[in-house]
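Quick notes on the structure that follows.
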Amino acid sequence: MAAPPPNPVPVAYQGGLAASVPDWLNKGDNAWQMISATLVGLQSVPGLVILYGSIVKKKWAVNSAFMAFYAFAAVVICWVVWAYKMSFGDKLFPFWGKAGPALGQKFLIKQAALPETTQFYDNGRVETVMATPLYPMASMVWFQCVFAAITLILLAGSVLGRMNFKAWMAFVPLWLTFSYTVGAFSLWGGGFLFHWGVMDYSGGYVIHLSSGIAGLTTAFWVGPRSSKDRERFPPNNVLLMLAGAGLLWMGWAGFNGGDPYTANIDSSMAVLNTNICAATSLLVWTWLDVIFFKKPSVIGAVQGMITGLVCITPGAGLVQGWAAIIMGILSGSVPWFTMMIVHKRWTLLQKIDDTLGVFHTHAVAGLLGGVLTGLFAEPELCALFLPVTNSRGGVYGGSGGIQILKQLVGGAFIIGWNVVVTSIICVVINFVIPLRMSEEQLLIGDDAVHGEEAYALWGDGEKYDVTKHGDITEHHMETRTSTGATQVM
């Protein structure tokens, strides 16, 4: 019998039994998931690299950008070697998964599935089912990796301008291992909060509340910037800062739009709600600046944009458009109030030098969003995404009343765990490596720490020398203290 003619279609495009296109693969879902992961990655590299390098004082531009750049690379390696399975693998404890590599071919090319723990009712029926997206584990591992990476980079915003870079190199894998994986497993990976029904659509708690609380805690242990930097810390490039902020905003389409793990109607709702809330929050923050400080602040607008994006994240695909507007109004005003009013009057916050106000923009906004999600989560939208049946927000009655309590408990767990574990990590590192830069490094900045400067203002490769160039920061720039929306910076 003659052999059948060869298939003219390349293997990569064949369906059915072709090894590269198994029956369960949906190319549209896989494409959207990889695009979403790339968008989230672009939020960090180059988004936050640019934003951090631009929003700080000139002498810290290289160090701040490099902290973000380094963290991204370090998380990628730690994630695939052990941290992914601690976050989404088999249960070790109710709040933690078993460590293990996510590198093997057999694991990465099989159909994605998470979490790996299924919960049953007392009668044996499944209560919270396993999600099985129509793409390979490799797509899921990478998507979750960029979420983990941006969490560390957001945390870095609290300690810019004084944390020893070598201590940061040790901090990144330790915090990822002992803090991030716990929050991820507990809320997303099949842990006790996941099965209890705490809502965190895309990381209001896992990413933003944890980075804000851990950032404030780390800032406490590292100590404040130099007194000169605290008195005056102007952005070195406002326009470039806006470019980084723009990448952060547009990248959020992948942040929230990719979390249904499929290109479905819920992902469309999430993207629209994300932009509604961010735009509302930015406008409200700017209006408040104009009303109380008489000037619209660009940095304030960026802060308002961020708080809106953070606030909507835990409920992006779970709330209706009108609720997204309400959440935007509150995210543009509540963190503004804590940053501009409470921060000035609370002695503890005055003593802890949170460089970019990450506590306000991420911890406060993340917790606010989590609680508001418990209030506004719409039952039909919940059914499209949440594995716990009959989930609903408080305004929809029925079992919705208990949801706000669940949200508060979930937030309290993330806060408590991060305060304790982050403190332990900082103390342990400080025994081996000083958490804080030397006084000489604090005085000089990038040139002393890295031997590099962001802008060659003194000639081609000429080193900064106080005796030669003078102290430009103090003598040739306006020395008034920052006010209004920039005072935290």
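Positions of Cβ are set from backbone N, Cα and C atoms, glycine also.
Here the transmembrane segment (31-53) has long-range neighbours at 61-62, 64-65, 67-69, 72, 133, 135, 139-140, 142-143, 145-147, 149-150, 153-154, 156-157, 160, 237, 240-241, 243-245, 247-248, 250-255, 257-258, 261-263, 267, 302, 356, 454, meaning same-chain residues at least 6 beyond its ends whose C-beta is under 8 angstroms from one of its own. What TrEMBL records for 31-53 (among others) is transmembrane segment.
What TrEMBL records for 31-455 is domain 'Ammonium transporter AmtB-like'.
Sequence-distant contacts of the transmembrane segment (65-84) (same chain, at least 6 residues past either end, Cβ-Cβ under 8 Å): 41, 44-45, 48-50, 52-53, 99-103, 141, 144-145, 148-149, 152-153, 156, 160, 163, 165, 168-169, 172-173, 176-177, 180-181, 450, 454. Residues or ranges marked as transmembrane segment in TrEMBL: 65-84 (among others).
If you look up TrEMBL, you'll see 140-160 (among others) marked as transmembrane segment.
Residues annotated as transmembrane segment in TrEMBL: 172-193 (among others). The list of residues near the transmembrane segment (172-193) in space but at least 6 beyond its ends in sequence, with Cβ under 8 angstroms from a Cβ of it, reads 70-71, 74-75, 78-79, 82-83, 86-89, 91, 94-97, 114-119, 128, 144, 148, 151-152, 155, 200, 205-206, 210, 214, 409-410, 413-414, 417-418, 421-422, 424-425, 428-429.
What TrEMBL lists as transmembrane segment is 205-224 (among others). Remote same-chain partners of the transmembrane segment (205-224), defined as residues 6 or more beyond its termini with a Cβ less than 8 Å from a stretch Cβ, comprise 147, 150-152, 154-159, 162-163, 171, 175, 179-180, 183-184, 187-188, 198, 230, 310, 313-314, 351-355, 358-367, 369-370, 410-411, 414-415, 418-419, 422-423, 426-427, 430, 435-436.
As annotated by TrEMBL, transmembrane segment applies to 236-255 (among others).
Annotation comment: TrEMBL describes 267-286 (among others) as transmembrane segment.
If you look at the transmembrane segment (298-316), the same-chain residues 6 or more away from its ends with a CB under 8 A from one of its CBs are 51, 55, 199-205, 207-208, 235, 238, 241-242, 245, 248-249, 252, 255-256, 259, 269-271, 273-274, 276-286, 289, 323-324, 327-328, 330-332, 335-336, 339, 357, 360-362, 364-366, 368-370, 372-373, 376-377, 484-486, 489. Per TrEMBL, transmembrane segment is recorded for 298-316 (among others).
Beyond the ends of the transmembrane segment (322-342), by six or more residues, the same chain brings 272-274, 276-285, 288, 292, 300, 303-304, 307-308, 310-312, 315, 349, 357, 360-361, 364-365, 368-369, 372, 376, 378, 484-485, 487-488 to within a C-beta distance below 8 angstroms of the stretch. The feature transmembrane segment is assigned by TrEMBL to 322-342 (among others).
Residues or ranges marked as transmembrane segment by TrEMBL: 363-388 (among others). Away from its own ends, the transmembrane segment (363-388) comes close to residues 127-129, 131, 194-197, 199-201, 204-205, 207-209, 211-213, 215-216, 260, 264-266, 269, 306-308, 310-315, 317-320, 323, 326-327, 330-331, 334-335, 338, 394-396, 400, 403-408, 410-411, 415 of its chain (Cβ-Cβ under 8 Å, at least six residues beyond either end).
Listed as Cβ neighbours of the transmembrane segment (408-433) (distance under 8 Å, sequence separation of 6 or more from its ends, same chain) are residues 164, 166-167, 170-171, 174-175, 178-179, 182-183, 186-187, 193, 198, 200, 205-206, 209-210, 213-214, 217-218, 221-222, 363, 367, 370-371, 374. Positions annotated as transmembrane segment by TrEMBL: 408-433 (among others).
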